[in-house]
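Remarks on the structure that follows.
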């Protein structure tokens, strides 16, 4: 097995995978381990019995008996005992926050009293429980108090010096640690068992609020003298109530020390829950705390896993065997309770408004566009298909809350959770008229993860077109964290090499997808979104290695911030303000989601263009939104074959947006573009141009403003590999497209 080391007995092989060493003692070593059947992490205390004398062996088995007896939320749980000829394995609950001594040492002046009160109350609660069972710990110290951060608890551990006692009868064994031991133990006298734990509690409280032990001198002799004289100094910053409680516990005479009942009722400890543990806090102290349904479910899992039959499981639980059967049962039970507790916390934290917004974002409204439509996007009416969903995708989308992309009437957005049918078919409002053949379209390149190949049912729409680019398989599992199942289902068995080998892909396997929304719908949704804000983002920044280092946002109060981003970005409908990728503010433009340096090119949004290689070589790109953009340019016609262009489009990010350029009005000011609209950081050979069909816009401009114009295009050097462009919005339409001829913005 993975963690099995030479020298360990075969009884533990196959049950636990032993990992790194957590700590060492004189006779024992504590290792991190994983329970094979449940996968839960545990601590395994491995004790070498060959090194133990008779007295130490007696203490060892006394520890086991006491730990079996005490089962409390504030005491580290013993799951299993494996006894072999040479070693004894104690399978214990694993703490995740270190011990209290290290925690105190990080606070030179001690903890604030509210926090100290919280932890001390839990320790008192655990010791009170032990004393009621007539078990004395006798080695209470901060090193034996372990933090469990996920549970918000502290727990007692190391019952190596613990013992059973009878009320009224005194013990004689001298044990414990000098700095925390009561005077009567150090003298070797007979002592009252509960009183020695009270003394140790006083030392622990002193350390919590003061940051150092009360009796800690240069050597053991001086320390012993201070303990016998009961001399210590409480700093003045400690409150009177806390000082009084410490004094009541650190009494030289055991008969004058406070009892546990007096400590629990002390005024300083009032107002704090002595045990924040609830039913769902682990460890589970008894199988009787589970419901009948949970109990039967766990037994059924164990039977199916060939752990034991039902009768053997029930018998082991009723007799407290502390064997592998009971360990497996309680580890499974605690995992179920932990998941149930986390689910309840999430349910309480989710407000109805958040849930409603999440469902609004979740319904997919995307269609496939065959390859032949990409060459004539503006002249050919686009078809809107009904896209049947697989049950896995339908459930995953609803749960994971990805933002929908148009095609739905704003008045019906709140009804999206009820549209749980296998197909989605949305008809535009009757008032919406199909646009003329010369209508303007806005293109945006995005990644998507769906492979829908269903037939299309044409519906004439005034449209907004969004080209979507599939991410590569290498980015598949990191591009959207919230849909791991779908990431695994998609393209099973494919590799990046297969992409490069596919020279001619059929239209339905095209990576470029389209999404349609009517401008009226988008306009209405823009105002709706602007008034109500937006949900949280689920954007993943792990798509490329360089992604997180080069991210930028636009935080302008006016205008429209352009961004390209992954499918998992929490984006609103095109034209809505502040719904870009990442986690931008509701009133700001969308954040810019950069690709890695080798991913930028000029595919033009539709196969064309092969420029933008990692070396920065410029290529050509055809116009993507103008009325005459149906035919490729000679440069793109002479480029690589269609299959190669498709592969290139998977690797290169194209920036293509519909905008307007009329008269003497520039979208990017030639004078200020390098310092305002385009953010600069590092040098590059990339250039950006904004061009428009028709007459040259430079006719009415003075030479100073047109010095950067070449071939009817404004060319600007860019100093980073991803750009942010701020576009002014048309107030009348609320869209980027206006009534003037459309133009393109290319990275060339």
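Including glycine, each Cβ sits where the backbone N, Cα and C put it.
If you look up Swiss-Prot, you'll see 16-269 marked as domain 'Protein kinase'.
In sequence order, 30 are the residues of the chain that are 6 or more apart from residue 24 (ATP binding site) and have a CB within less than 8 Å of its CB. DSSP assigns residue 24 (ATP binding site) to a strand. Residues or ranges marked as ATP binding site by Swiss-Prot on the basis of similarity to another entry: 22, 23, 24, 25, 26, 27, 28, 29, 30, 45.
Non-local contacts of residue 139 (active site, proton acceptor) by the CB criterion (under 8 A, 6+ apart in sequence, same chain) comprise 158, 159, 160, 161, 162, 175, 176, 177, 180, 200. Residue 139 (active site, proton acceptor) carries neither a helix nor a strand DSSP state and counts as coil. Here Swiss-Prot flags 139 as active site, proton acceptor, drawing on similarity to another entry.
Secondary structure at residue 162 (phosphoserine), as computed by DSSP, is coil. There are 24 other CB atoms within 10 A of the CB of residue 162 (phosphoserine), with all protein chains counted. The phosphoserine annotation in Swiss-Prot covers 162 (among others).
Under the three-state DSSP scheme, residue 173 (phosphothreonine) falls in the coil class. Annotated phosphothreonine per Swiss-Prot: 173, in sequence order, evidence recorded as similarity to another entry.
Sequence-distant contacts of the domain 'UBA' (291-334), counting only residues of its own chain at least 6 positions beyond either end whose CB sits under 8 Å from a CB of the stretch, comprise 15, 35, 37-38, 40, 42, 68, 77-82, 91, 282-284. Taken from Swiss-Prot, the feature domain 'UBA' applies to 291-334.
Sequence annotations record features per position, and here Swiss-Prot assigns phosphoserine to 362 (among others) based on a large-scale study or a structure entry.
According to Swiss-Prot, the feature region 'Disordered' maps to 383-415 (among others).
Feature annotation from Swiss-Prot assigns phosphoserine to 390 (among others).
Annotated phosphoserine per Swiss-Prot: 482 (among others), in sequence order, evidence recorded as a large-scale study or a structure entry.
As annotated by Swiss-Prot, compositional bias 'Acidic residues' applies to 491-503.
According to Swiss-Prot, the region 'Disordered' annotation covers 491-640 (among others).
For 495 (among others), the entry in Swiss-Prot reads phosphoserine.
The annotation phosphoserine is assigned in Swiss-Prot to 518 (among others) on the grounds of similarity to another entry.
Annotation comment: Swiss-Prot describes 522-532 as compositional bias 'Basic residues'.
As annotated by Swiss-Prot, compositional bias 'Low complexity' applies to 533-542 (among others).
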Alpha-carbon distance [residue 22 (ATP binding site); residue 173 (phosphothreonine)] in Å: 30
Farthest-apart CA atoms of 22, 23, 24, 25, 26, 27, 28, 29, 30, 45, residues recorded for ATP, distance in Å: 14
Which same-chain residues, if any, lie at least 6 apart from residue 28 (ATP binding site) yet have Cβ under 8 Å of it: 45, 46, 47, 48
The domain 'UBA' (291-334) - residue tally per DSSP class, helix then strand then coil: 33 helix, 0 strand, 11 coil
Binding-site residues compared (22, 30) - the one with the fewest other Cβ atoms within 10 Å: 22
